Every structure is written in C-alpha cells, then in structure tokens.
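Contents: one structure, followed by commentary.
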Amino acid sequence: QDEEKWDFVLVSDIHEVGSTKEIKRKKFLDELSKKGFTIKKIEDKKLFYGVRAPKHIFRKYQWLLRNPQDSRLQDSDAHHDIPVTTRIRIVNFILQNTVTPDLEKLRDLIKKNVFETMFPLHEKEEIREFLKEKWARWRDIFCQQPIEKIRCYFGEKVALYFAWLGWYTYLLGFAALMGLVVFVAGITVFNSSQVSKEICEANNTIMCPLCDQKCPFWLLSDTCTYARVTHMIDNEGTVIFAMFMAIWATVFLELWKRQRATVVTNWDLYMWDEDEEELALELINNLQHEPRRYQHSYLRSTIVLILVLVMIAVLIGIAHALVIYRVVATAFFTQSDFEFFREQANTVAVMTGAVLHYLTIIIMTKVNRHVALFLCDLEKPRTFSQRENNFTIKLFIFQFFTNFSSLIYIAFFLGRINGHPGNYVRIAGKWRLEECHPSGCITDLFIQMAIIMMLKQTISNLVEFLVPWIGHKIRSRQKRPKKRNMVLGEEEEPEDPCKKQWLSNYQLSEVNIFSLFDEFLEMVIQYSFTTIFVAAFPLAPLLAFCNNLFEIRLDAIKMMRLRRRMVPRKANDIGIWLQVLEAIGILAVIGNGLVIAITSDFIPVQVYKYTYSPCMTKNSTAVDCLTGYINHSLSVFHIQDFEPHTKLAENQTGIIWDKITEYRDYRNADDYSYTVQFWHVFAARLAFLILFEHVALCVKLIAAWYVPDVPQSVKNHVLDEKHSNLRKELRWVMPQKV
C-alpha cells in the first residue's frame, strides 16, 4: 500500500520530442533518479510525474535531527515513524534545490514553462476525512478547532495560524461585548445630550456657507440628527473603551505567548532550531553543500530604504488624491440639482470617498506585493525564513499606509488645516478644503471606518471564497465528459488508480508559498482596524468577531476542499507577525490618544465644563453644566469679510439676515486671531494626550510583566528535560572512568 503513495506530482505540457523544453525536463528527472527517487509517468492532456523519495533520505533526516536523549541507531523501518507532513517538507526541499547540469533549479524550469506546476497530494486518509467532516463545514462555526489534527495534516505553521486565529477570536468576544455596551450606552444618550439639544434648538444660529459659489447660509438646527449621532459615539464611554482596548491588546498578546508556549511544548518544538533544520535539509540534498554566510551591504540597504520611502510617499500621495476627490465632490454636490445632495453634500462626499478608498486598497494591495517582492530580491536574504520576514515587514508597512493614510487625514487633519471664512486654504487656488461638522469630525471617521470594514468583510470574503469555488466547479465539469470518453475508448486497458487522484488534485486551485501569508496579513490588518481607531468606532471589535467566526471555516473549506494541499512547514511560533502585532499595540495607544485628544470633542467639552460653564462662573447647580457650550465653541464672522470671488446665495425665506454668521472655531470677531479659549483647549489636548499615552503604556508594561510569557508548567517541563538529558549523558561517562 505504501508503494502506491506518492510524495509529489510534477505537471508538464506535452512537448515535442527533442525540443529544448523536453530535454530540460529529462535532465531534471534524471537528476532525481540519481538521488534514488522513484518516478511514475501518466499521460493525459498533460504529463503527470509522480515522485517518491527513497527511504535512506528520511533515515538521514532522523539521524541528523534525532532527540539527543535517544542515541539508538535507526532501524531500516524507522522511516515509517516520520509524519507525512515531514515527508512532504523534505521532498519539497529536495525538489526545489535539485540543480540540473545547466545549473537550473525547478523554479527556473517553471518560469520557462518546462514544468507547469508541482504539488503534494490530498490523499483519502482518515485524518483528512475527519477534518472535512468536523472542521471544514459551516455548521461547525461555533465548535472548537481540532488543532492537533490540523497539525498532522498541514504542518505546524498552518496549525499555529488557526490556533492564533481561534485565540484572537475568543478574546475578541470580550472586546466586542465591551464595545457593544459602550455603543448601546451612547444610544441611551441619543436624545438626552445637552450639546445635541442646543444644536437642535439653534433655530437662530446662522452658519457660514459650505462652498464659495451660491451655497446657501444654513441653520445649525438643520444638523440635529447628525449631531445626535456624533454625540452617540463621542462621549465619556469612548475614553474608557479606548483605555480598555489598549490593555486588551497587551493582555491578548501575553496570553497568546503563554498559549503558544503550551502548544509547541506539547509538540516537542519549544527548543526547535530553524537554522539547524535548514542546514540538515541542505546536507541531505547535497553532502558537499557549504552554508551560505551572513552578509550585509550598506549600499543595498540604503537603496532599499530609499525605495521604501519613495513607495510610502506614493501611498501618501494617493491619500492626498482622495482628499482632493472629497473636496471637489463636496463642491460638485453642493451645486447639484437634487436637494438631497445639496443638503448632504459633505456626508455623500465622505461616503463615496470611503468606497473609492476601498477600491484603492484592492488595487494597491497587488501593487504593494510586487514592490515588496522586488525589494526582497534586492536585499538577497540568506534563507527563505529571512526573506519571508523581510517581505512581511515591507508589505505590512505598505498596506498600513494604503489602509490608514486616508483615515489619518480624516482623524487628525480634516477641518484643522482649512483656514477660516475669509481666508480659506484652497487646492489649486480654487477648491477650499473640507470642514468639520459643527458637532465634530469623529462621525466622518466613524462613517469611513464602518464602510471600509463592512466592505472588506463582505465583498472581500465573498470574492475570496467564490473565486476558487466557481473555478473548481468549472474545471470539474470540463473534465467529466473527457473521463467517460477515455474509458469508452480504452476499455481494453484498466485505468491507472493514480490517474483519477492526480487529476482531481490538479483541478483544485493553486497554492503558493505566500498563501498562508495572505491569511495572516488579512487578519493583522483587521487587528489594526480593531485597535488603532477603535475610539471612533466602538463596533469594530464586534464586526471583527463576527467576521472571524466565518473566516476560520472559510479558510478551512478553502484548504480542505478548494485548494491543493499546502506544503507543510515546521514552526514553533507565528514568526515576525508577533513583533508586528506588538507594534500595532503601541500604535493603538498613540492612535486612540490622538483621536480622543484631537478628533473627539471630549477635551473641549471638559474644558468648557470645568472652566467656562455656568457651574463654574455662576456657581449654578440648577442647570446642566454644558449649557451654552455650542455658542461658546462658535466664532462670529462678518459677511463683508468674505473673499471677493465668493458668490453668496440669495436670502432664504424665513431667515432674517444681518451682517453676522458663525463658524466652528475659537477666533476673535475683529481680527479673527485665536482666542484665549483656543489656547486653553490646545493645552488641555496636549496634556491629556501625554497623560493618556503614558498611563496606557505604563498599564501595558505592568500587564506584560504581570502575565508571564511562558507558563510555569512549560518552564518546569523544559527544566526536567534538560536535567534528564544530562543525567543520561553522565551515565555514559561514569562507567568509562571505572
């Protein structure tokens, strides 16, 4: 039965006899034969070559990487003890590093279309059937994952991904619950907020036009609903939730480190050395191999750094283009013939800008990948693991700026660099920059995040599942009639039992070395959305939690039913992603601190409440301390001071105009310079930012210290193992002295 199992299948087009491609293919297969590989050829529309490695290769692996406490020689049947995942990994390494007499490797031959592809086989074994029935099904969405069986079929790296994703989703449930509580608490103050009441009752407060060309003056009370939504998000609970998420991010990572240590200890991989593993595989493949030395080139690093900065500048430029779009779109919608677009010009511009931002994310993700790969090739990393780490860092940086540049602008720059009536900052001297709503900019950030997260978690996941599913269905239907014709035409020859299996595996969607990387990247970007700007969007953890429940099963179905078998990789952690997650945790503290201090109205409200409110100035306790806040936060503008090219709309019916309108800012009515209140608020924002970030970072450090990375049981297990090994070594020495 073992003789019918094949480690890998190589696929090639049928080339003409004597052609260059046919000769190169033969040379490569001859090199495999010299190493003792068994090769089986099956011809269909393509040529399929099954390869099986000789037993001595696995005996070498076992001997080189044997447990130090097990010094016995391996017997001739020891290769049966090697897991299938290890066999596939060893054979894959040898196939990838076998060199032909023309000094070409398999990846070179694939680029030249000598071979089309290569893949290990999904085989009808008990563990696969278990995973298909108990894991890769939508009905098991709330069931625990069989991590040990995933490891036995896909290897440690895939198992650790699902273990991390499951742990992340589990702890995300607590953050989602807290976010939901904060959001519901905000809904309860929907109608009771004093600030919202003042905006809704401001029937005589006339605001400056939203554009320069015949835009009408408007009443502050017109934005009553918008103000209520804003203060539903922007309240005291937001500050508590932001602090909670800063602590949550730290606790999550510390608990994951403990969980990971327990898991890999059970797998006997806690002390595993990746470099030793790679050197062993190199020697098994070629006994004359010399290890590639560590090297560093300052010139190459400088070039890569410059190119990375150029790419970041391009991504920031795209964010600027989105800003320009919103500015132009706002001006366009305010001139629209439709009353809805005129009245909601700013909101429509923000929403369409968010959709456009999502489209740029989709496009730039592909561009970023090619650029990151090009930069990795320039660096010439020593090992595949080092190349993967370099690629991860670069692509994450590019994706971070792609996803968050526009959000950073909305959060920290929108409405703060646009000037004031009579002296607006303009693009190309024509279109003036956007302004914040009188009730604050945080709702714009809320809308942007809500649209992007919902699109990413619906459209992206649908595409991620439907594309391979539809492709698999189409390929399967195309093959069915060909099978029947072949059987009818070749009745005298029984069909090779391997042919059906190889063809069915070939029809599945292709996987590559970065297939698992893509899943990690998707989740880490989601983690960034969930933590960095969570103060503006408390529902982000809830959306992420719901998405992840489906994501786990979606990934499982793709791997088990729609894709070819992934080459297993050995690992004892999630690699560089842990450092990326820790960096995001620090960015989350900074980001949420800035959102509360700058984007939110929390600080101006508190400054007014404890400095300028009736409670402080008149010692009045009979009224709400926020009474008068809106008038306090608005500045007066004289209509005659508008810029010359500004065309004002005709007076609206029912409004009695005078020479004064208002706008959101802290400026004097005579020369439009900043008032004392502005500097009070500015100082309070800065003080809060410093205090919040220092307290949050201190709490993070205390949490990291309080929760040990490695459980005591794991430390004691490693200690006992070392002690046992030393005692066994000593037993070999003592008799010799006697």
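Each position is counted from 1, following the chain as shown.
Every residue gets a Cβ built from N, Cα and C, even glycine.
Just so it is clear, the model here is predicted, and its values are computed rather than measured.
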Stretch carrying transmembrane segment according to TrEMBL (options 443-469, 524-550): 524-550
Candidates 238-256, 345-364, 395-414; stretch with most C-beta pairs under 8 Å toward the transmembrane segment (302-325): 395-414
For the transmembrane segment (238-256), distant same-chain residues with Cβ under 8 A (at least six beyond the ends): 164, 167-168, 171, 174-175, 178-179, 182, 530-531, 534-535, 538, 541, 578, 581-582, 584-585, 588-589, 592-593, 595-596, 600, 602, 692, 695-696, 699-700, 703-704, 707-709
For the domain 'Anoctamin dimerisation' (82-147), residues assigned helix / strand / coil by DSSP: 33 helix, 3 strand, 30 coil
